[in-house]
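Undergrad: Okay, handing you the structure first.
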Amino acid sequence: MTCYLIFFQQKVGRLKKRGDKRIPPRNLATEIDYSSYPPALFQARQNSSMALPKYITFNKHNQQMITVLFFCHLIWGLALVAFCSVGQRMSPEIPWLTAIFLALQLYSAAQLLLPALLLEQEKRSRGFYFFWFSIMVLTLLLINKISIVGIWQLPLVGVKSGLLLFTGTLIGTVLARFVNKLWEVIPICIAMALADLFSWWLGPTANFAKEIEQYYLAPVGSPPLIDIVLVKLALPNATSLVPVFGISDWIMVAFFVNVSQHYAINDNLLGLSGAGSATGTLRSRYLPVAVVALFTAVILAQSSGLFIPVLPLIATMMLLWYAVHQLRSGQSTD
């Protein structure tokens, strides 16, 4: 018996050496001792396996918040169809009806900013932001290539408006992360106000406004290219959604909302700050100053029949709000 056991052990050893399939091969990939690797080579091996996920993904919390943001904006865009259906049955001669319609839609849009205030800051490279910015731009271009005639045309226009707000919210949130001191919003406000005024006075905005007005008064052919970045809302006695403001205006709304949260400035005219409204029980009572500024500019444009630049009004109101807050608190702008 002893001789038989010795023979068996020797035979098993020969099979292992030959790599015989009757003996399960060892998983060498899990048994490699990486401690013998040079540190630089081991780090490079780890970086190569983790580079792609870090380059295109968010952490789990931000994934959840962005998913909530996306579906909330999608629902908001579809809700515009209901606003439009109600508006078609109402006369625009009713006093303040247009203002009420716009107020309800912008107030509901303001609630969409709350999940963005809960996004956690992540250290990402410029390539990360460029990648996702390209994805969003490409998505907007592709969805505007879709042309549907009939009953589904109005919901598609609403979804496009929802995606524009979604894109603007994310861009504004990211831009606010690069404000290291509160006083840095002053040159930003001055620059964007002057750029918007110059574009409205001598630049391309004046021509774009005329093209959009002509197209919606007598829609012939395809809409102008600028129509891609215009957010459309429902107005009384309108058969479809009409352009009201641009994505750049909403980007700055989201920008100032996030700056206010970062520096603990309560910009909510209805009570708790943005972050408090997002985490508290009064989640449907959020009306930031920037949205009120946007609403004021839109009402002035609708009542006067003139194109009024929105960004200078938003910048002026937000600078005044920050100045009053700093004077009351006695804090510096660092």
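Including glycine, each Cβ sits where the backbone N, Cα and C put it.
Copied straight from TrEMBL:
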type     : residues : note
TRANSMEM : 68-88    : transmembrane segment
TRANSMEM : 94-118   : transmembrane segment
TRANSMEM : 130-152  : transmembrane segment
TRANSMEM : 158-178  : transmembrane segment
TRANSMEM : 185-203  : transmembrane segment
TRANSMEM : 247-265  : transmembrane segment
TRANSMEM : 285-301  : transmembrane segment
TRANSMEM : 306-324  : transmembrane segment
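Give me the lay of the land around each of these features.
TA: Residues 101, 104-105, 108-109, 111-112, 115-116, 154-155, 157-163, 165-166, 169-170, 232-241 of the same chain lie 6+ residues outside the transmembrane segment (68-88) yet bring a C-beta within less than 8 angstroms of a C-beta in it.
Within the chain, the transmembrane segment (130-152) has long-range Cβ neighbours (under 8 A, six or more residues past its boundaries) at 55-56, 159-160, 163-164, 167, 170-171, 227-229.
Through the fold, the transmembrane segment (158-178) approaches residues 66, 69-70, 73-81, 84, 109, 112-113, 116, 119, 121, 129, 132-133, 136, 139-140, 143-144, 229-233, 241, 247-248, 250-259, 262 of its own chain, all at least 6 residues removed from its boundaries and within a Cβ separation under 8 Å.
Residues 179, 252, 256, 259, 307, 309-312, 315-316, 318-319, 322 of the same chain, all 6+ positions outside the transmembrane segment (185-203), place their C-beta atoms under 8 angstroms from a C-beta of that stretch.
Within its own chain, the transmembrane segment (247-265) is flanked in space by residues 113, 116-117, 164-165, 167-173, 175-177, 179, 182, 185, 192, 229-231, 273-275, 288-291, 294, 310-311, 314-315, 318, 321-322, 325, which lie at least six positions past its ends and keep a Cβ under 8 Å from the stretch.
Nonlocal intrachain contacts for the transmembrane segment (285-301), taken as residues 6+ away from its ends with a CB within less than 8 angstroms of a stretch CB, comprise 98-99, 102-103, 106-107, 109-111, 113-114, 244-245, 249-250, 252-253, 256-257, 260, 267-272, 274, 277-278, 307-310, 313-314, 316-318, 321.
Counting same-chain residues at least six beyond the ends of the transmembrane segment (306-324), those with a Cβ under 8 angstroms from any Cβ of the stretch are 182, 185-186, 189-190, 192-193, 195-197, 199-200, 205-206, 209, 245-246, 248-249, 252-253, 256, 265, 267, 289-290, 292-294, 296-298, 300.
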